[in-house]
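Novice: Annotations for this protein, taken from Swiss-Prot, read as follows:
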type	residues	note
ACT_SITE	S194	active site
ACT_SITE	D222	active site
ACT_SITE	H348	active site
REGION	20-48	region 'Disordered'
Amino acid sequence: MGDDLKRKILLHNLSSNNPILEKLKGGQEPNSNEEGSDSIGDLPSLKNDYKRQDNNSTNCTYIPPSQWNTYFRSNEHIKVQSRNIEFNTYYTVPSSILGPSLPVFIFHHGAGSSGLSFANLARNLGDQLNNNCCCLSFDARGHGGTKFIDAKQAQNYFRDDFVDDFHTLVEYFVSEKLKHLPTEKLSIIFIGHSLGGSICTFTYSKLSIELKKQVIGVAMFDIVEEAATLALEKVNHFLQVTPNMFSGYEEAIDWHVSHELSRLRESADIAIPALFKSTESGKVVRITNLETFRPFWRTWFSDLSKSFVSLPTCKLLILAGNDNLDRELIIGQMQGKYQLVVFQDSGHFIQEDTPRKTALTLVDFWKRNDNKNVVIKSNWGSSNKV
């Protein structure tokens, strides 16, 4: 049987027999009946190394339809001198834990995106879990509100640079922001979209032994090594047809929705403005120029599929539409090495297009793979009374 036929059969069976999707009967994501075409893929002790400042203001007069505090409790800038970066972070941390386990969802966006791409998903996760969960999202280097502390230093965007950033931030966040919570109850899941999936995958091996014990899984959204590598060859065309400037934020939102780069208006209202900054003329310009990353592209996805499949933790891959698996992923799926879910009604930005369905899938993934939730009842010594 040829590889193409294997892929089609495998993806068809998974998309048509997905128990999580049954939960959505009677309630669909808005605009979920429109399939459309996908866009190119998005593309030691740390305590004294950080300085923090609250960020409750915006650097422009535009007030978006949705603001970050609708989705997260905190928006904080965290300086990491050793990385020469001030991270713009968004997070929600509960004051206590209800139950045997607290799921901690840590997100990493893809190239050209921002931490607020996960805003609507984070809110849906909170709704599904009655706010008994933790969510962390942030802007990666070269994106959104994250800045280099010393702009004169070399600014590289190799995969290892993103990985080291993510590793450093995660270790700090868990040790400082979650220190009031029982460590044994934390169940961390890394979730990466496109390039973010690659970063999450390669970060796992760098974690401390203690943190690895708390990570119960890694999830990747719409990323397949073979397809992503081929997509890089089309980036020039993508850059040519994608405007970098709009008359205002509303026009930018409208354009992205109309071109199905973000299919759900509710998600676009919070995710798209974070991709732009205002100019003196009143127009808005895109913060991230993907052309800047060109010298580093080839490092982003190399050896991803094999590395993902071989991760010594639970794994989830969610694909949009009819994306094909490559050879390593096909073999891994047939061997039961990871869970595969296909959303036929989503574009490339799964977390934006289908936030409710994605949240349900992540909650199910957590429940099935977290042994803290397993309660074994014994009938030993019990007797039946008549």
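Backbone N, Cα and C define each Cβ position, glycine as well.
How buried are these features, and what lies next to them?
Specialist: All protein chains included, S194 (active site) registers 28 other Cβ atoms within 10 Å of its own Cβ.
Residue density at D222 (active site): 27 other Cβ atoms are found within 10 A of its Cβ, drawing on all protein chains shown.
Other Cβ atoms within 10 Å of the Cβ of H348 (active site), summed over all protein chains shown, number 27.
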Novice: Give me the Cα-Cα distance between D222 (active site) and S194 (active site), rounded to a whole Å.
Specialist: 6
Novice: Do you know offhand how many angstrom separate S194 (active site) and H348 (active site) by C-alpha?
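Specialist: For S194 (active site) versus H348 (active site), the Cα atoms are 9 Å apart.
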